[in-house]
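Remarks on the structure that follows.
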Amino acid sequence: MRPGTFVRLALAGNRTDAARVALTALSAALAALAVLAALSVLAIQTPPGGPRQESEHYTNALLREPGLRGGTAFAILLLTIPVLALAGQCARLGAPARDRRLAAFRLAGATPGQVTRVAVLETGLASLLGTAAGLATYLVGRALLHRPDVNGRLALPTDVLPTVPELALVVLALPLIAAVVSALMLRGVTATPLGVTRRARRAGRPRPWPALLIALGVLGAALFEPIRRASADGLDTLLFAWVLLGTFTAVLGVVLAAGWISHRAGRLLHRYARSPAQLLAARRLTEDPWAGSRTFAALLAALAIGAGATAFRAWFALREQVWREDNRRAGISAFDDLDDQRSAFYLRTMDLVDLAVGVAVAIAAAGLLVMLIEGITARRRTYAALVAGGVPRATIGVSILWQVLTPVVPAVLLALGAGYTLGRTVNADIVSGGDWEPVCRATAELCADPATRDRHIEWVLAGGVVRSPGVPLEQLALLGGGAVAATLLTVGLGVLLLRPNTAVEELRAT
Amino acid sequence: MTQLQARGLVKSYGPTPALHGITLDVAEGEIVAVTGPSGCGKSTLLHCLAGILRPDAGEVVWRDQRIDTWPEAARSRLRRTEFGVLFQFGQLVAELTAAENVALPLLLAGTGRRAARTAALTWLDRFGVAELADVRPGEMSGGQQQRCATARALVTEPRVLFADEPTGALDTLTGEQVLTQLVRLAREQRTTVVLITHEPRIAAYADREIVLRDGVIDHTGLGLDASLAGGAR
């Protein structure tokens with residue numbers, strides 16, 4: 001088959017196919033923007049004068065301080081997680097119609113390989129278009145946002161540009177990754193002239209083993225401070241990676257646990273169901289509990305990270321308070337301004353994290369909306385038959401609400417709990433008051449020898465009061481409430497589509 | 001006694017006309033087959049009679065009440081309580097078991113779960129599929145699914161059953177088995193049946209056959225095999 005024919009077939013289809021292509025392109029554009037933004041941060045050159053020399057021409061400390069740029073770039077890259085989750089949801093949009101189209105290609109004489117290539121090409125081309133659009137948006141935005149203030153300082157790194165090979169890599173690698181993922185997703189799919197069959201997904205009911213992952217992740221985080229104290233200098237990067245690994249493990253546990261939560265919630269709801277809406281929701285939850293993991297993965301990951309950030313914020317606030325109190329007790333006021341600046345810096349940093357979490361929740365909600373639309377569209381004939389039989393649309397709408405809310409509330413609580421515990425255990429308790437005393441951390445011989453003793457001396461605060469930051473219930477409630485509210489809004493928007501999808505015309509479609 | 005009437009029904013889909021002033025009466029307990037070639041307006045007529053669609057002009061009268069002017073909620077309630085509807089395919093909820101699917105209309109009417117399940121089991125038994133009570137539609141054959149769907153359509157003991165090509169997706173033997181059971185139970189219950197089909201063989205089960213062509217009634221006649229299918233009635 002000629003390449004032109006492949007492209008035409010890949011981009012053929014109905015409105016739903018067009019929507020899938022557009023959403024895939026949008027996801028790719030957002031992912032490209034996030035990667036380009038991260039590369040821009042990393043492209044900032046440290047001025048001569050040492051590795052800790054600040055780039056004074058930026059207003060934001062996250063860009064100014066060399067030590068913070070890596071973390072900032074990483075935080076921006078984290079935004080690609082919900083974006084990629086959204087792309088994954090988009091790939092499911094209009095799947096039945098696409099399956100029929102692929103079967104029609106086979107019926108027309110296409111080989112299984114050609115059909116797979118058409119499907120993969122669709123994702124690849126859409127991603128390429130999206131990435132190109134993302135690059136164009138980045139370049140235009142960079143020019144438009146390049147507005148130095150009166151002191152010539154910049155709010156964003158609009159004066160630097162990733163290298164051409166880096167730009168080329170983004171434009172080519174993202175679509176390639178999308179195409180490879182698409183090909184992997186099609187491994188269990190067989191397109192025949194009579195239809196598309198899928199290899200059965202994992203069977204059996206979900207088990208609560210993801211709790212082990214959460215426990216492992218939290219344990220890893222809890223070991224951070226003891227390891228840091230016991231280890232030599234220069235292991236910061238390794239320790240950072242250790243915490244990241246712990247965070248990833250715990251968040252993965254939360255996401256996978258959503259499947260078990262869905263199943264349990266479905267069984268519980270089925271036991272106590274009093275209305276058809278509850279019964280429908282309960283059966284759907286037990287029938288495909290992994291849908292919860294797929295659907296809420298990005299939302300739960302964002303919430304867990306957001307909850308961890310609230311723990312950090314509470315810890316920063318307490319530490320600042322303790323420092324101030326200690327300084328005041330010691331009669332030192334010279335550092336007050338410095339304390340204020342430092343507080344403002346940390347709080348601004350945490351504000352940025354909160355903003356990123358908010359964006360992630362919004363993108364995750366968009367993914368949920370896509371899933372809802374797909375679920376309604378896939379069941380439209382059944383829904384239409386039910387409505388024709390006298391089932392009120394409200395019953396179907398309420399069943400969708402039950403189906404989403406029943407697992408999401410406990411899953412959100414779990415994500416908040418796990419994320420907060422993770423953030424809390426990474427940071428040790430803070431000691432207030434007391435006196436600094438030298439303690440030799442070595443053998444008696446080394447400590448007794450004046451030549452080696454100094455190398456093993458560690459200053460320890462003795463006689464102080466150990467203080468723990470309080471649980472930021474208000475912020476956690478805001479985070480969880482916001483996520484549930486976003487979910488409710490999404491369900492409301494999705495349910496609006498019930499009317500066109502339950503029209504009697506759906507019963508006539510073959 | 002006339003139970004359901006259509007008076008001068010007109011319905012178009014955009015510029016495409018479907019019904020051109022159809023008038024017909026359906027008596028209580030009567031089994032009427034509406035036949036005709038594809039696109040002649042059979043399904044549209046059924047949807048108008050069942051209150052699923054509103055005609056552009058004309059009236060649908062159910063027991064001396066004009067129902068086509070009723071709001072959608074009222075027509076939905078009517079379909080839930082007085083009518084039963086049966087389609088060719090895609091009507092069972094994939095995630096519910098057979099018993100739950102059959103019990104669904106009763107649950108919607110406010111019947112308790114236990115009582116609804118008991119009634120569902122009774123109806124599944126009448127259609128010979130009681131052993132499938134806890135099986136989901138995906139694990140059933142087409143015939144078994146259609147038996148369950150028919151049981152669901154009849155579980156509320158409706159006064160009228162609207163069936164749109166109920167055996168269209170089944171093989172000949174299975175289709176005849178399903179239809180025989182449907183007709184037998186409808187006669188036992190004195191349920192009026194409006195049956196859409198394009199197969200004369202299926203129409204033979206009816207008391208009366210109405211043949212549509214291009215949105216108008218071409219002719220009417222007795223079901224060829226009505227007396228045989230109706231037994232001693």
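Cβ atoms are placed via backbone N, Cα and C, with glycine included.
TrEMBL assigns the feature transmembrane segment to one of the listed ranges (A:67-94, A:403-430), namely A:67-94. Mean predicted confidence for the domain 'ABC3 transporter permease C-terminal' (A:90-187): the pLDDT average there is 84. Counting residues 6+ beyond its ends, the transmembrane segment (A:476-498) has Cβ neighbours under 8 Å at 299, 302-303, 306-307, 310, 357-358, 361-362, 364-366, 368-369, 372-373, 376-377, 383, 393, 396-397, 400-401, 404-405, 408-409, 412-413, 416, 420 in the same chain. Under DSSP, residues within the domain 'ABC3 transporter permease C-terminal' (A:356-494) fall into helix, strand and coil as 100 helix, 18 strand, 21 coil. Most Cβ pairs under 8 A with the transmembrane segment (A:355-376) among the ranges A:67-94, A:167-189, A:209-227, A:296-316 are made by A:67-94.
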